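Peer 1: Sending over a structure as structure tokens; questions will come in a sec.
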4 protein chains.
Amino acid sequence: MSHNSFGHLFRVTTWGESHGPAIGCVVDGTPPGTKLSEAMIQHFLDERRPGQSRYTTQRQEPDQVRILSGTMPGEAEGELIATGTPIALEIQNVDQRSKDYGDIARRYRPGHADIAYDIKYGIRDYRGGGRSSARETAMRVAAGAIARQIVPGLSVRGALVQIGSIAIDRSRFDWDETRRNPFFCPDAQIAERWAELLDATRKSGSSIGAVVEVVAEGVPAGLGAPLYGKLDADIAANLMSINAVKGVEIGDGFASATLSGEENADEIRMGNDGRPVFLSNHAGGILGGISTGQAVVARFAVKPTSSILTPRRSIDADGHEVDVMTKGRHDPCVGIRAVPIGEAMVACAIADHYLRHRGQTGRI
Amino acid sequence: MSHNSFGHLFRVTTWGESHGPAIGCVVDGTPPGTKLSEAMIQHFLDERRPGQSRYTTQRQEPDQVRILSGTMPGEAEGELIATGTPIALEIQNVDQRSKDYGDIARRYRPGHADIAYDIKYGIRDYRGGGRSSARETAMRVAAGAIARQIVPGLSVRGALVQIGSIAIDRSRFDWDETRRNPFFCPDAQIAERWAELLDATRKSGSSIGAVVEVVAEGVPAGLGAPLYGKLDADIAANLMSINAVKGVEIGDGFASATLSGEENADEIRMGNDGRPVFLSNHAGGILGGISTGQAVVARFAVKPTSSILTPRRSIDADGHEVDVMTKGRHDPCVGIRAVPIGEAMVACAIADHYLRHRGQTGRI
Amino acid sequence: MSHNSFGHLFRVTTWGESHGPAIGCVVDGTPPGTKLSEAMIQHFLDERRPGQSRYTTQRQEPDQVRILSGTMPGEAEGELIATGTPIALEIQNVDQRSKDYGDIARRYRPGHADIAYDIKYGIRDYRGGGRSSARETAMRVAAGAIARQIVPGLSVRGALVQIGSIAIDRSRFDWDETRRNPFFCPDAQIAERWAELLDATRKSGSSIGAVVEVVAEGVPAGLGAPLYGKLDADIAANLMSINAVKGVEIGDGFASATLSGEENADEIRMGNDGRPVFLSNHAGGILGGISTGQAVVARFAVKPTSSILTPRRSIDADGHEVDVMTKGRHDPCVGIRAVPIGEAMVACAIADHYLRHRGQTGRI
Amino acid sequence: MSHNSFGHLFRVTTWGESHGPAIGCVVDGTPPGTKLSEAMIQHFLDERRPGQSRYTTQRQEPDQVRILSGTMPGEAEGELIATGTPIALEIQNVDQRSKDYGDIARRYRPGHADIAYDIKYGIRDYRGGGRSSARETAMRVAAGAIARQIVPGLSVRGALVQIGSIAIDRSRFDWDETRRNPFFCPDAQIAERWAELLDATRKSGSSIGAVVEVVAEGVPAGLGAPLYGKLDADIAANLMSINAVKGVEIGDGFASATLSGEENADEIRMGNDGRPVFLSNHAGGILGGISTGQAVVARFAVKPTSSILTPRRSIDADGHEVDVMTKGRHDPCVGIRAVPIGEAMVACAIADHYLRHRGQTGRI
């Protein structure tokens, strides 16, 4: 048990606060021989990095990752080979200048975790959000980059499919498009509408929620175990642990409540390669908590950030009633940056279950 | 790590198949001195039991629970006192008669876990659904009954809030009503419409999905821990581990994607008792993974059961293409019976975090 | 985390008190396809059973094990095939008659755990020793029987190598002899001396300590992981968790303190089969926490039971000073019955690490 | 589950190799409000540091610890207050110069873990011992320093009680003396004999084993849980996980095999303060796996290091038979430096069980 770890055979422990000297993580259980590089991990970190468009916070975080343990040099330039011992990753915090946090230190932002931390611990690192800062998610992305290397043939991609009430049109879903706009949006037309929406949101100092979809292809069948080590249960926990996430779905998710048994049943035929072919994927690639070989499809809802310019009623740590507004650099839609984080958390769950399945059954 | 356990300080391990001699669970970590009784556990089991209306399967399961360890007799009649050692609970399976499972043993029901089990394990107990049978959930309900006793003042209630496309009207939500109709429906008018819908569904041999809402009141503030021991992440995993569940929400859940930061912020004032009062509960009682003292609100979507009378295309274990239909006694809407199970899983998560919070902080 | 479980991928949870209706365990993680039978498990249970000679307690415990879940019938008579789901084992307690425990319930036996239970929990099942009864160890033996089936070619044997100050002569060590005397003694001459010693011990109502040695052959090289998942660390924990055990050694153990580096080094040559051959085994088959392919050798010390006829000074639960003596049926040397238990605990650790090694590395 | 972590509520994960850029650990679960300082941690690290006498390796390791997360500044100079979030500790490796490891990289030292790593992983960081280097133990000592702060009134001290065949005389045991000689020896006369022994050992390029004793006072009664979360089982695992340890004892340990029940029983009287007083401590402060309030006494045996100047027969990674000797700076007796490590591992186990006991029972 641990408050700051997830996974079992592929186990990640993160540490660090927004304004401490560094953040980091320990990735334990990487199979020996797994090929890595700092560049490969950096690639995914760069996707998550803020300040890349006017739609994410302008705070500059170089987020240069270093691998401190657990590898030996490989043959190619920059290539590293995992030795099977724990891989420590670390990112220096460049912007730790002391400043006056007076108000933030004592006043609770409505909708933010700071009051919960104070209730739980009686003490809280208020500097830049402390442990609850989105900065921690960089380490999830880094761990996810390693997870991707563990399962042969695995591809995990994410897209933003809804901002506010504007959802994409499934008929225009195009993975390539997600790399062409600043929203990871798979629908070029909707991306334009989001741009307008977020410009308005940003100007008004407001924020807005979103829905992210993650699709994992190449997931071997058989991952996950009944009944409390289900792949979907672990994906749900992993995604729900991301800052600001309030809902998780697998496959048709909440829409499955409206289906009949006939509609929901993913029929099966034999493929030309002698393997089962599912004719639909309402199940999102998971039946009984076990992967079927279909694409694993998960979605999660991200609430709007509580950092807004409009004053809201609240209290301070002494119990005085106050009005709170949050100045400074903000993300109008934190759901955008949640896309690579969601990918990473799904990849980590799959890698963990891949090793667990191999351990218990020896079938892969 | 375990495939069939959940929780950490309050830890539940279940075992058993539908048609073996018995099912059971071991509940480890109950604080010494906790008061229990078989009658109290039985009360919750009886709520889950099938065959109580024409809307659930007519299979008769007396489901008489026995406590086999971990208690000493208390002073009152039937009262038991937990000693702190593991509490083993067991229910005999009364209906284990051998019958011809020929077809079911080899043919995969579309939308059912049996193909996934076969892929994973290469062997499967097909009798009555084996380990994937809903029968296992009886032990979750039993464990939940113990969990309720651990947190002073805790109340966990559930309601069915949607069947198919027919959702309740929030303005008519009445907890008392949930005990007056066979659907745990909090809206008397909607209960009548569901009765019609399910009669039709049953007659056509079909099935339909549903949404369950669980509300926990009296949850102490401070439960849950950043960042991977979040209370909501554990609730999400617990609920997603229930058979047929495809989505989980906390508070506003997926609707929070459509909110602005202003709408989503639960403003805070000081109450007359000198404690913070939240003016709304979009967060569902959890901020940053930590309970705030508000009601914890979770919802989950249950897909329609795959056991339907309409033939669907599938394959058998030998790779032959076949048509499959499921004869026999069915639940047209398994979401109904999921209500007490959902309550139990939320109660277990809260009890576990109650003990964890006490352990780490000593603050309760 | 759990108070009553051990192992990770092969995970055992036991429950039950001496005088409750039954004791049992849940074995989670058995690979699907593993062949079992109740008779095979019973075989090992019968070895541990008391009342088989005048040197162990005369209490009769039929200890008939039942498998309640997790298997399907195999092809041979009585053969069972593990399905990969949890295997529940149970033994009914036949002798639960209520009797007057007045004194035992309130008076603390010096050297016994009852005072510790009362301090910890404030309540204790005093009937027949409750949870601290040696009866629980039957479930360890049963779980060990399953563990033996998991690792191909594994053989785990135990012997009693010392009672009181009388140790065996290594030059006469004969595994076959361990089955010919009631002490699991590998040295026929010493077995005779032990018989005299224990007759005298029994007559005087006293008790005596012992040392058990367990040797596991056929352990694949590579099991165990640095630095806190070491095979020897887990064996140490498993053995130390057995009632009355006060010390654990691997290989030369405490004697290695007296060795020089030259003496301690197990030199290596190449065998005719092209595999490394160690010329000695001071390491007990484990280097750096990882098995080397040599025999794994562990020893553990069992203290004399506190159940003796001589009155000892103690207190009762109310803090009164009293004299305590324990009437009834006793083992003069509980170390004898610890032999099959020690075997089982070593087998469980090896099976768990076998699955873990396969999971992380895929190398077996 | 994790290969590189220990503890449950107080959980430590270490990472790092001897010749990487740094080593470190993450300490998760420190109660909020716990007072720390880098100086306090450094104090214990300095005790473990090599190069402080001619009896330990002359390698200079400044071992300057940094705290990277999980604290806020306290009121006193240098004081830090734990916030309840993970505390990351790190020590830079100053001496990482690349050198020719040719022989060491390929030749297996008899009695060393390098062959086991190669068998397990197929790859190994041979530079300076890699993950199996004693350098990792610095992080155990650092974590132990935090653990000491968690349990009010706890004192954990260690002493070297045997080198080779020369053991201390218990009648001269003096804790103060352990700080006056370079061996942590509590017996001034024996310290002189050890000096001679180790001078000779060092000159001959040999090495020698030792026995360490750790005594924890101020351990609250009630820590530990039946049956697999026993305090002594966790102490045994923690100590056995230290490099080169081959045996662990609690209380009388292996000597208890030679005792009668009468001798072994620690009799109890009532003290003047109305609390139980044990008249002896054969049990080493633990009964049934639960602390009794007496001093917890543990001992462990440390084998001689395999780094010796005398050539020993071995093989290389290609299966060639070779002779191996280890040049360079060596510890003639690694048991000396194991003293503060043993203290730390015992302190960590006690802190973990302190939090677990508080969590389950609320009794402290």
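Positions of Cβ are set from backbone N, Cα and C atoms, glycine also.
Bear in mind that TrEMBL entries carry predicted annotations, made automatically and left uncurated.
So TrEMBL says this about it:
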BINDING   D:R48, D:R54  NADP(+) binding site
BINDING   D:R131, D:S132, D:S133, D:N243, D:A244, D:G288, D:K303, D:P304, D:T305, D:S306, D:S307, D:R329  FMN binding site
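Neighbours and distances for these, please.
Peer 2: Annotation for D:R54 (NADP(+) binding site): spatial neighbours D:P182, D:D199, D:R202, criterion Cβ-Cβ under 8 Å with sequence separation of six or more.
In the three-state DSSP scheme, D:S307 (FMN binding site) falls into the coil class. Counting every protein chain shown, 22 other Cβ atoms lie within 10 Å of the Cβ of D:S307 (FMN binding site).
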Peer 1: At the Cα level, what's the spacing in Å between D:T305 (FMN binding site) and D:R48 (NADP(+) binding site), rounded?
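Peer 2: So the alpha carbons of D:T305 (FMN binding site) and D:R48 (NADP(+) binding site) sit roughly 17 Å from each other.
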Peer 1: To the nearest whole angstrom, state the Cα distance for the pair D:R131 (FMN binding site) and D:R48 (NADP(+) binding site).
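Peer 2: Cα of D:R131 (FMN binding site) to Cα of D:R48 (NADP(+) binding site) measures 18 Å after rounding.
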Peer 1: Are any of the binding-site residues D:R48, D:R131, D:S133, D:T305 near chain C, where near means a Cβ under 8 Å from a Cβ there, and if so which?
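Peer 2: Sorted by position along the sequence, the hits are D:R131, D:T305.
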Peer 1: Other than its own, how many Cβ atoms are within 10 Å of the Cβ belonging to D:R131 (FMN binding site)?
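Peer 2: By my count, 28.
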Peer 1: Indicate whether D:R131 (FMN binding site) is helix, strand or coil by DSSP.
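Peer 2: For D:R131 (FMN binding site) - judged by DSSP and reduced to three states - the answer is helix.
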Peer 1: Name, in order along the sequence, the binding-site residues among D:R48, D:R54, D:R131, D:K303, D:T305, D:S307 with a Cβ closer than 8 Å to any chain A Cβ.
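Peer 2: Cβ contacts with A, in sequence order: D:R131.
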Peer 1: Which one, from the binding-site residues D:R48, D:K303, has the smallest tally of other C-beta atoms lying within 10 Å of its C-beta?
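Peer 2: Looking at the binding-site residues D:R48, D:K303, the Cβ with the fewest others within 10 Å is that of D:R48.
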Peer 1: Per DSSP, D:R48 (NADP(+) binding site) is which: helix, strand or coil?
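Peer 2: Going by the DSSP assignment, D:R48 (NADP(+) binding site) falls within a helical segment, counted as helix.
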Peer 1: Around D:S133 (FMN binding site), how many other C-beta atoms are within 10 angstroms of its C-beta?
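Peer 2: Around D:S133 (FMN binding site), other Cβ atoms within 10 Å: 18.
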Peer 1: Applying a 10 Å Cβ distance cut-off over all chains shown, what neighbour count does D:T305 (FMN binding site) have?
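Peer 2: There are 27 of them.
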Peer 1: Using all protein chains in view, find how many other C-beta atoms are within 10 Å of the C-beta of D:A244 (FMN binding site).
Peer 2: 25
Peer 1: Would you mind reading off the Cα separation of D:S307 (FMN binding site) from D:R48 (NADP(+) binding site), to the nearest angstrom?
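Peer 2: Cα to Cα, D:S307 (FMN binding site) and D:R48 (NADP(+) binding site) are separated by 19 Å.
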